[in-house]
Amino acid sequence: IRTGIAYTMNCYVVILSRVVGGRYAPNGSPYSHHDMAFCGIVLLRNCIPLFQRDSRPVVDATQVSTGTLSGSVHMPAHPDVPQTVLEDEVEAQKQGAKQGSSRVLLRMETMTSATVIWLQVGVALSFALVNAFTITIFLQKFQYSNDLQILSQLTSWFIVQLALVSVFFFILLTCAASWFQRVWKRQSAHRVWTQRQRLYVLDAAVLISLQSLVMTLLIVSQSIAIAVPCPWFKQSVSLLSFIRWTLTNSILAWMCVMMRGMCWYCGSVQLPDPDRQLTIDAPWRRQAWANLPTLLIFLSTEAVVVAKLAYRWIDVQEAVGVPACRTYPYDCTPSTGEFVINIVTTVCLLVYAVYYIYLVVQARADHAKVPFTRYRVTYLYVQMHARHGIFIVVLLLVVSTVLRFVESKSCWSFVDIQFGLIPTQLAITVLVCVVSILTAPCSDSMDNLKQRWLMEVAWSEPQREEALADRHIEFLSRQGEEAAAAAEGGMLGTLRRMSIGLVRPSMSHMAEQAQGALRQAMGGTAGNAPGATPISEPRLAMLCMETLLKSLYFCKLAYRLETPDSPVSIEHGLSLYPDLQHHELLLEPATDTRVLLVWGRSTLVVAFRGTVTRKNVLTDLEAWSTPHLPSRKNAYGRTLRVHAGFYRAWRTADLGDRLVSRLAQLLEGCPHGARPRALFTGHSLGGALAVLASIEFVRRAPQYAAGVSVYTFGSPRVGNGPFATEHRAAVPDCWSVINNQDPIPRIPKGWFHGAGHRVVVTPRGDLIIKPSTLELSVIFKSGGVAAHHRLPNYSLSLFSLFRAQFDAAKKMEGGALGVTILAGRLDVGQTLVLRYAGLREIMDARERRMPMPVEVYQLRKARKRAIACVEERAISGTSTTFSQDDSIISEQTALELAKQAGAVGEEDVLGDTSVVRDLGGKRVLGTQE
């Protein structure tokens with residue numbers, strides 16, 4: 001709009017200058033046809049983007065090149081970054097920020113672990129009931145296989161079935177009403193829907209509509225069986241059975257269509273978007289051709305259903321509806337025609353089951369080859385069908401086969417098939433309820449808003465501060481709306497509270513209860529200190545990549561500070577924050593606990609060393625729980641308990657008290673008006689101690705609670721559920737970084753829970769923030785990989801994440817710009833302690849030199865020097881005995897470097913041809929020659 005107005009004003013200036021200058025056209029007009037054509041073209045050119053809703057921001061090229069772009073984008077210029085990359089990333093980030101608050105989020109995208117657990121429990125109980133009902137039907141069939149009198153005793157059985165169907169139908173209607181209300185509300189608010197989100201909503205609408213009709217017909221059939229004498233062979237019952245089978249056939253076909261859409265598109269036309277390479281992303285004609293097998297199966301099954309209706313319509317048993325019909329000698333033996341129909345129907349169901357299972361397996365295999373973050377929702381959708389859909393098709397096949405061909409003369413089988421195969425319909429109802437719950441849009445409650453915020457990432461600390469400031473304003477506005485809705489009485493207030501999610505107990509309410517318990521543990525002094533931030537005031541969290549990198553470097557400093565040949569230096573650590581000036585190393589000999597303190601005027605970093613010595617191993621093995629002092633309970637009466645070994649290491653020789661007192665003393669010198677920042681970090685055992693230290697620091701110094709952040713790497717579980725809830729309330733900005741298949745964050749088992757928000761990074765360049773229980777079951781493999789626990793492998797995975805931001809198939813929104821900003825604020829390669837990990841190597845995926853831990857690089861250089869020295873002395877004929885001054889690298893340093901590099905021994909680092917020789921009592925590196 002601004003550009004259009006500017007060009008239009010230029011037109012008027014041209015015309016005005018011609019008028020003032022006395023330049024007229026030959027016909028006396030004050031402007032020529034050329035002037036009119038020029039103005040018309042300019043207006044048309046600037047009106048087209050308005051009708052196309054072109055929201056491309058107007059960016060000055062000088063601002064892009066100098067890094068002075070105004071707004072919320074911090075973009076330092078970097079010589080290695082192409083100009084077009086920065087412009088595209090600025091546009092993507094601004095468009096994402098514009099649509100972020102109005103974009104629809106489905107429940108499956110932001111489900112908490114508690115919601116997933118409750119959903120899994122409900123599904124498990126429902127399927128257990130379905131299985132019990134199926135077993136009951138089979139037992140009744142074999143017990144009354146040849147008893148015709150059973151037909152006169154079926155009224156009570158139909159009443160039981162009617163009650164069960166009514167309960168499941170009520171649950172289905174409740175889920176459908178909630179789903180429709182949420183979809184209608186988001187549609188009325190003009191929220192932004194993605195194409196796939198619309199597809200999921202369509203999927204839920206189709207399944208809800210079809211299954212609602214099926215359940216309605218089931219209730220009608222059961223009611224007829226109760227009210228009408230001997231309705232088993234009525235034409236109306238056969239017609240209802242035909243409609244139910246048609247609807248069930250449609251549901252099965254639709255499930256196959258959706259799963260075919262989740263498979264990788266293999267057509268001749270290549271799809272342009274690398275993030276949209278599934279069959280559902282192809283043109284509709286291509287999708288129709290891909291679903292041709294499903295159409296053939298559907299038509300074949302429907303033909304059999306029609307043939308069965310025709311047979312039932314002609315072959316009507318006598319005495320239907322007659323009062324004396326219960327004593328009529330019915331013959332339930334299927335005729336030859338009906339037997340053939342049963343065989344063909346079973347074959348069609350078998351083909352359905354095999355084809356559907358094949359599509360599920362194929363979809364899972366295709367998703368295993370693509371980045372999890374880019375296909376996260378489709379991955380969860382496939383996993384949902386794998387867990388529930390396969391059970392349904394197998395159950396339908398088994399029930400139908402047993403009732404049709406085992407004791408085929410049984411009238412019980414005839415009645416069960418004629419009146420709907422109740423267990424199968426109940427199982428389909430469960431699946432439809434799950435689909436409606438997962439595909440429903442999230443509400444606008446504060447809990448869902450916080451969950452959505454936690455899924456976002458800031459690449460630099462200034463970007464994080466600006467985002468948190470904007471969130472704080474939105475949070476206060478939303479909090480005012482909730483307070484007004486809570487104060488409003490009557491039915492209108494109740495409906496309004498339901499619409500914003502205030503009726504049911506929320507995570508915010510649970511967090512307030514945990515904060516109350518924390519205040520009780522503080523002796524009622526929380527938030528009363530001068531200048532303190534009240535502990536009951538919610539504080540917002542946001543993952544920051546810059547803080548994560550700095551925390552990783554401080555973790556390595558805690559291991560390698562004051563170690564010979566160390567690849568890390570305290571000088572670089574002090575340079576990560578402008579005001580850091582001092583450092584101090586604390587050591588507790590009783591438990592061999594090592595703590596690194598780095599501080600400045602307003603910044604404090606506390607880094608704990610992980611497991612290194614035998615004493616640290618003994619600390620890890622004390623995997624029983626002990627009460628967290630002061631002993632207290634949560635609102636449900638559960639005592640807060642923590643890992644006994646970690647807590648002993650924290651309290652031995654009053655280490656915790658001395659450390660917290662020292663931290664409070666260091667922050668007392670913070671300048672007036674400056675916001676103090678305390679960063680706790682640690683790897684492995686150090687991460688667990690960082691969690692304990694952070695909550696103790698907040699308890700003892702609540703005036704600094706707003707500036708506390710925790711970043712742990714490979715940290716084990718510290719306490720039970722109540723402790724994790726209280727820690728989450730006291731320290732919301734707590735992040736537990738996990739490298740791929742690192743097994744340590746999964747232990748100890750039992751009642752222990754992890755503290756902080758999980759962040760999973762993988763060597764494939766994936767970044768998964770707050771994965772749900774369902775996602776963790778997909779991501780984590782049983783057992784894990786021990787090598788993924790080592791810090792150099794964390795660095796390599798983070799490097800892969802940064803490189804993926806310049807890959808069209810893996811990049812996040814604004815990721816390339818974020819990495820560029822990050823590289824302008826610190827040396828990425830040096831902070832990751834990697835060689836060949838600069839911005840140039842990150843941007844160029846074709847770079848032949850792969851990143852290498854500095855420890856490995858040092859060992860390779862030492863190996864080359866050792867080989868050269870051995871060869872030189874062998875040629876000169878000198879003795880191979882080495883003095884201390886002649887040794888190339890000491891045994892202790894080599895072993896430490898090898899362990900830190902993720903190797904079992906020196907041979908693992910240096911290659912198969914490398915050996916360790918003992919020459920003159922000194923261990924040096926050489927080759928087999």
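Cβ from N, Cα, C; glycine included.
When DSSP labels each residue, the domain 'Fungal lipase-type' (605-749) comes out as 67 helix, 33 strand, 45 coil, counted as helix, strand and coil in that order. Taken from TrEMBL, the feature domain 'Fungal lipase-type' applies to 605-749.
Taken from TrEMBL, the feature transmembrane segment applies to 116-138 (among others). Counting same-chain residues at least six beyond the ends of the transmembrane segment (116-138), those with a Cβ under 8 angstroms from any Cβ of the stretch are 164, 168, 388, 391, 395, 399, 402-403, 416, 422-423, 426-427, 430, 434, 437, 772-774.
If you look up TrEMBL, you'll see 158-180 (among others) marked as transmembrane segment.
If you look up TrEMBL, you'll see 200-227 (among others) marked as transmembrane segment.
Long-range neighbours of the transmembrane segment (247-267) within the same chain, counting only residues 6 or more positions beyond its ends whose Cβ lies under 8 Å from a Cβ of the stretch, are 199, 203, 206-207, 210-211, 213-214, 217, 277-282, 286-287, 289-291, 294-295, 297-298, 301-302, 305, 352, 355-356, 359-360, 362-363, 366-367, 369, 378, 381-382, 385, 389, 393, 396, 424-425, 428. Sequence annotations record features per position, and here TrEMBL assigns transmembrane segment to 247-267 (among others).
As annotated by TrEMBL, transmembrane segment applies to 339-361 (among others). Nonlocal intrachain contacts for the transmembrane segment (339-361), taken as residues 6+ away from its ends with a CB within less than 8 angstroms of a stretch CB, comprise 252, 255-256, 259-260, 262-263, 293-294, 297, 300-301, 304-305, 307-308, 311, 382, 385-386, 389-390, 393-394, 396-397, 400-401, 404-405, 408.
Long-range neighbours of the transmembrane segment (389-406) within the same chain, counting only residues 6 or more positions beyond its ends whose Cβ lies under 8 Å from a Cβ of the stretch, are 127, 130, 134, 137-138, 141, 248, 252, 255, 259, 342, 345-346, 349-350, 352-353, 356-357, 360, 413, 416-417, 421, 423-424, 427-428, 431. Positions annotated as transmembrane segment by TrEMBL: 389-406 (among others).
According to TrEMBL, the transmembrane segment annotation covers 426-443 (among others).
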